[in-house]
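Shown next, in structure tokens, is the structure this report addresses.
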Amino acid sequence: MSAIEQSTRRHEPGRPTGVAARRSARVRIAALWMLLVLLATAAAYIFWGRDRLPVDEVLQVLGGASVPGTSFILMEDRLPRLVVGALAGAGLGISGALFQRWLGNPLASPDVIGVGFGASAAAIAAMIVFGVNDWKLSAFALAGGLAVAAVIYWLSASGQRTGSRLILAGLAIGAMLQALIQFLLTQTEVNTASDAMRWLTGSLSASTWERAAVLGIGLGAAGIFLLPVVLRQLKLLELGEDAAAALGLHVGRARVLLVFTAVALGAIPIAVTGPLAFVAFLAGPITAALSRSAIHVPLAGLTGATLVVVANFFAANLFAQINLPVGVITGAFGAPFLIWVLVRANSTGNGG
Amino acid sequence: MTATESTLRPAAQRSGPGLGGKLGALALLVLVLAAAVLASLLLGARNVGLDSVLAALSNVDPADGDQVVVQSRMARTVGAIVVGAALGLAGAGLQGLTRNPLADTGILGLNAGSSLAVVVVVALAGAASLPLVMAAAFLGAALVMTLVYVVASVGREGATPIKLALGGAALAVGVGSITNTILMISKSTLDEFRMWQIGSLSGGSLETYLLAVPVIAVGALVVLSTARACNAVAMGEDTAIALGINVNRARLLGSVGVVLLAGTATAVAGPIAFVGLMIPHAVRLLVGGDYRWIMPASLLAGPILLLLADTAGRLVLPPSEIQVGVMCAMLGGPIFIIMMRSGMKSVKL
């Protein structure tokens, strides 16, 4: 299994310790660049959104003054969008990276293995059938994602090569859930379906401070309390489950915690913004390529945030008159990257 | 290392039941198909009698409601036969030529490629004529198929079933999001494609489905002509070459046939997944592992599945209906998982 291969490569005996130092230096440099791009794009978006705002007015608003029109656009639209986008991207990026690291396969991101569809289907069902449209949507999405993760895990458990089996089982479940979503969409009137479809593509247009708060609290709780533990256990799991058990790790419990954390970090953003195509999928591999090492999970979170903020900037400026949802940009521009990830995975023997 | 038990058995076992058994199986399929056609005409939100069907077949009386219902069901019945035959045989061809038990026109992304191409053409040209839509669908399917193979062939092990399935599914997602982009930009296209994108037989006219028949016939002949090569490939590529089979030529030819079948099916009914996966495996249980029998039997069994799925979709939630694409996904998903589990037990996929 490729995760083991990777980790044995990483833990090769007799390797000079300088390699580890250089690698963490590369991760730091990549993080710095990523942060720079994130901040620069965010700053640019404040001025150049759907329409351009005069510089002096923006500065006045940011300084605390109230300028009619500009204040509203900034405080009620652009800033919440940026915050929601960055948080959602970070959650998706970390979620994808956790799955990819754990299963040792770049294709194992939640948007490919059906967990994302589980969250989407539960949220759509909650919207259409129960008329839910607030923070409770997050609970539905989380429950849906967890249920699908449990089913996939159960279907693929027992026996060798759990990674590939899990991905294939996820593919099939994903196809079924997609069919379910589409069926639900045809059962509603056109306007609801159009809204739901917009949500399904992933959009920041409904971003409010309230939603940013929901997102921040949910992701913050998972990120602060669970993620450090999971990252520590992940390092042990990557040594191979037998080795991890020998080192005193309760493997079953560690896996459950990992899946729960990864699903939570992926499902909470989906409930707010809809599934932003490929952010979870691409953040990890981009991170790995930039730092030329294994996927660094926190860096993947930063990369995810940057991807969404950059995509949001393009969505606002490329086709300003059409009001394109940001998920369309991440999807369309993500597709070529997807091919790059596949080729890269296959050429290193990680593709399955 | 890439074949499951079902595709790589000793030759004696692979031949399955004797000639009589195989002919009997084909006869059984014909009978079931006839019954499925009848069910498709009779059943639905409004059930009609056999006499109405017979009357409507010869000459429709517009005053008789039942006969009008039969006439409207005629189109989708013909559609189910045409599309089912195309998808079933396309799946058999894909599985045989690539020695890949998980191959399906949906899983490998062919349907998604066709959808994208069709949406592009309709968005650019407005109401496009059927031949243009079909040509676009072929092109889209061919491009995605090539891409999936090229990408999966990178690396040491070559195009293994799991790499193909994963690559195809991932590319299908990518291609799908480009399709969504175009649909989002053009509201009118979205409205037109909302139903089509799910895979539905209720929208097409009889003329549309009949126009697809000649193309599908050509594609079917091409795919059927590769049956012997598929048998040889099942014994391993080296053996096939030793037997004097030009594997690459057979693959290229078969791919063209599969693209014709899958593209046409998608052009007229939208992307319907898992039919190409389920049918060849089901048929193998009846006629054994010989592709000279699997392929014709798939041609008969595909329509049965689509007819039953379409009819069931009409009966579950009357008066609304569940699209045939949704029904096939709900049925095919579990079967894919069962295939994967049993395949993984015997062979490393």
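Backbone N, Cα and C define each Cβ position, glycine as well.
The transmembrane segment feature in TrEMBL is assigned to B:23-45 (among others).
Residues or ranges marked as transmembrane segment in TrEMBL: B:74-94 (among others). Outside the transmembrane segment (B:74-94) by six or more residues, the chain places 37, 40-41, 56, 100, 103-105, 108, 110, 201-202, 204-206, 208-210, 212-213, 216, 219-220, 223-224, 226, 230, 254, 257-258, 261-262, 264-265, 268-269, 272, 275-280, 283, 291, 294-295, 298-307, 310, 324 with a CB less than 8 A from a CB of the stretch.
Tertiary neighbourhood of the transmembrane segment (B:106-126): same-chain residues 90, 94, 132-133, 136-145, 147-148, 164-165, 167-169, 171-172, 175-176, 178-179, 182-183, 185-186, 189, 192-193, 197, 258-259, 262-263, 266-267, 270-277, 336, selected by CB-CB distance under 8 Å and a gap of 6+ residues from either end. As annotated by TrEMBL, transmembrane segment applies to B:106-126 (among others).
Listed as Cβ neighbours of the transmembrane segment (B:132-152) (distance under 8 Å, sequence separation of 6 or more from its ends, same chain) are residues 105, 108-118, 120-122, 125, 158-160, 163-164, 167-168, 171-172, 175, 212, 215, 255-256, 258-260, 262-264, 266-268. Per TrEMBL, the feature transmembrane segment maps to B:132-152 (among others).
The feature transmembrane segment is assigned by TrEMBL to B:164-185 (among others).
Through the fold, the transmembrane segment (B:209-231) approaches residues 75, 78-79, 82-83, 85-86, 89-90, 92-93, 96-97, 130-131, 134, 240, 245-247, 250-251, 253-254, 256-261, 264-265, 267-268, 290-292, 294-296, 299 of its own chain, all at least 6 residues removed from its boundaries and within a Cβ separation under 8 Å. Taken from TrEMBL, the feature transmembrane segment covers B:209-231 (among others).
Counting only same-chain residues 6+ beyond the ends of the transmembrane segment (B:252-279), those with a CB under 8 A from a CB of the stretch are 79, 82-84, 86-97, 102-107, 110-112, 114-115, 118, 130, 133-134, 136-142, 145, 195-201, 204, 208-209, 212, 215-216, 218-223, 225-226, 229-230, 298, 301-302, 305-306, 324-325, 328-329, 331-333, 335-336, 339. Marked as transmembrane segment by TrEMBL: B:252-279 (among others).
Marked as transmembrane segment by TrEMBL: B:291-309 (among others).
Same-chain neighbours of the transmembrane segment (B:321-340): 45, 80, 101-102, 104, 107, 195, 198-202, 269-275, 277-278, 281, 305-306, 309-310, 312-314, 349, counting only residues six or more beyond its ends whose CB sits under 8 Å from a CB of the stretch. TrEMBL lists B:321-340 (among others) with the feature transmembrane segment.
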